[in-house]
Amino acid sequence: MQRQTHKTNHFINSYYRKLVTVTVIAVYLLILAGGIVRSTGSGMGCPDWPKCFGQWVPPTSEEQLPEGYRDFYADYRHEKNVKFANYLEVFGYAEIGKAILADESIKNEAEFNASKTWTEYVNRLLGAVVGFLILLCVVGSFKYWKKKRSIVVLSVASLILVLFQGWIGSVVVSTNLLSWLITTHMVIALVILAVLTALYFVVNGYKSSASNNRIEQKNRVTSVLVIAMIMILVQVILGTQVRESLDIVSNQLGEALRGSWIEGLGLEFYVHRSFSIAIAIIHGYLLYLLYKQRKSFTSLLRNTKILMTLIILEILSGTIMAYFAIPFWAQPIHLVLGSMIFGMQFFIFLQLVFSEQKQNKSEYAIS
């Protein structure tokens with residue numbers, strides 16, 4: 001009977017590890033989908049939230065929409081923005097709220113476009129799947145409350161964050177893709193990714209990284225990695241600002257002059273482009289530090305090589321956008337690669353932080 005119980009527990013634990021892994025992958029796919037929405041200009045494909053044109057399954061043609069729908073949804077979004085402005089006032093940001101309500105461009109309602117509507121709808125469906133997966137992670141985590149409470153804490157934290165992210169997403173729509181809210185939306189996505197990466201690390205056990213390795217220059221390696229992580233976060237924010245400028249330039253020049261969009265970008269583009277060189281250099285230095293101690297910790301070195309490969313691919317995708325008229329397919333790839341870089345950085349950081357733990361894997365992992 002005891003043997004049967006052990007087999008059952010092993011199945012449940014194996015299932016939970018797989019669930020967390022699938023959830024992390026789903027988040028990356030959601031970021032990719034968000035990049036596709038952004039690159040195709042489909043962000044306002046659905047003017048309301050969580051429904052799309054008041055329906056759970058959106059229309060396929062404008063004839064399916066009532067007369068005067070644009071005015072209706074413009075008013076709907078304005079009412080939501082009034083509530084958002086009130087929230088901002090409570091937290092001491094009344095001026096920002098007033099600016100949102102006074103911005104006439106926010107009130108503009110886009111014409112119906114079936115392809116953009118369904119692109120945004122699929123993105124929302126994937127977001128719902130991610131939310132459901134995280135909910136399953138929370139439900140399954142309570143089994144480990146006595147054994148490893150951090151599993152419960154991380155699962156619940158990810159659920160709270162994804163609910164908040166959903167609300168922020170609804171405000172992004174109501175404010176007609178307000179630039180700083182899009183940046184906030186992206187930063188929260190990275191925070192969710194970090195929490196789920198930590199959950200993945202915990203359920204697989206610290207010893208799966210470099211728990212028995214002694215790192216002579218651990219402090220230096222950790223410091224370099226933290227600097228690299230901060231640089232990537234700065235680069236992501238710069239990237240969102242470049243994207244905001246690109247939206248303005250593309251609207252001014254039009255699709256016919258797509259090849260001239262890059263020339264119309266401001267200083268932030270050149271800073272973003274040049275900063276990638278500094279990022280490549282610091283990651284090269286990180287790889288060098290680990291390579292000098294390669295006999296001590298093969299896992300860290302292997303993951304850092306993967307990280308460096310992602311950096312190179314990210315720079316390559318950015319180069320393609322800069323010199324080949326910003327092909328729409330390159331933009332979401334560029335975005336998801338940046339997210340993968342941050343995720344891998346954070347995973348390596350966890351390996352370093354817990355590299356000197358001496359406990360057996362059974363004390364950490366769920367097995």
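Going from the start of the chain as shown, residues are counted 1 onward.
Every residue gets a Cβ built from N, Cα and C, even glycine.
Note that the structure is predicted; figures quoted are calculated from it, not measured.
Copied from TrEMBL, the annotated features are:
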TRANSMEM  20-37  transmembrane segment
TRANSMEM  121-139  transmembrane segment
TRANSMEM  151-168  transmembrane segment
TRANSMEM  180-203  transmembrane segment
TRANSMEM  224-242  transmembrane segment
TRANSMEM  270-291  transmembrane segment
TRANSMEM  303-326  transmembrane segment
TRANSMEM  332-354  transmembrane segment
Segment-segment contact (the transmembrane segment (20-37); the transmembrane segment (224-242)) at 3 or more Cβ pairs under 8 Å: no
Top Cβ-contact partner of the transmembrane segment (121-139) among 151-168, 180-203, 332-354 (pairs under 8 Å): 151-168
